[in-house]
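Trainee: Quick paste from TrEMBL:
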type	residues	note
DOMAIN	3-137	domain 'Nucleoside diphosphate kinase-like'
BINDING	K11, F59, R87, T93, R104, N118	ATP binding site
ACT_SITE	H121	active site, pros-phosphohistidine intermediate
Amino acid sequence: MATEETLVLVKPDGVARGLTGAILARIEAKGYSLVDIRLVEPDRDLLERHYAEHEGKPFYEPLLEFMMSGPSVAIRLAGNRVIEGFRSLAGTTDPTTAAPGTIRGDFGRDWGLKVQQNLVHGSDSAESAARELAIWF
Ligand code: DAT
Ligand code: MG
């Protein structure tokens, strides 16, 4: 049993579209535990730290602008292999090709935008989770 914690974000598109409850319902139905939850309006400094690995990529500036366009719901989530498990629930990055049954596959839209408005973030490793949780909480 490998109980872990991960950072989940319901991003500004998810909050603005009123999908926070639907996304939380899937997380709870899976059996993961909400350890902490808060509404955050991140500033540029926070987002530069969160997305440091993407600095310089073509979608970096649009990504930061999008993430500053409204509040996100930040969740400290715990569970057995939750890091991998939540990313599986979320689906692949591009909502156009994310599998049906996943959050991004079921709710994500293809607007042909410069940045993927794909509803959620989930940490991609134990190292990322520890780093990101310290940034958002
Ligand atoms: P993920 O959120 O699936 O971990 P990521 O870490 O590679 O994906 O990228 C962070 C975010 O940046 C992602 O959720 C949406 C945006 N993004 C990534 N790749 C992109 C691309 N090729 N075009 C537009 N936006 C992109
Ligand atoms: Mg990522």
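A Cβ is built for glycine as well, from the same backbone N, Cα and C atoms used for every other residue.
Bear in mind that TrEMBL entries carry predicted annotations, made automatically and left uncurated.
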Trainee: At the level of the C-alpha atoms, what whole-angstrom distance separates H121 (active site, pros-phosphohistidine intermediate) and K11 (ATP binding site)?
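Mentor: Approximately 7 Å lies between the Cα of H121 (active site, pros-phosphohistidine intermediate) and that of K11 (ATP binding site).
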Trainee: Can you go through the binding-site residues R87, T93, R104, N118 and pick out those with a C-beta less than 6 angstroms from ligand 1?
Mentor: T93, N118
Trainee: What mean pLDDT does the predicted model reach across the domain 'Nucleoside diphosphate kinase-like' (3-137)?
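Mentor: Overall, the domain 'Nucleoside diphosphate kinase-like' (3-137) comes to a mean pLDDT of 97.
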Trainee: Tell me, by DSSP, whether R104 (ATP binding site) is helix, strand or coil?
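Mentor: Looking at the DSSP assignment, R104 (ATP binding site) belongs to a helix.
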Trainee: Ranking the binding-site residues R87, R104 by other Cβ atoms within 10 Å, which is at the bottom?
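Mentor: Each of the binding-site residues R87, R104 was scored by Cβ atoms within 10 Å; lowest is R87.
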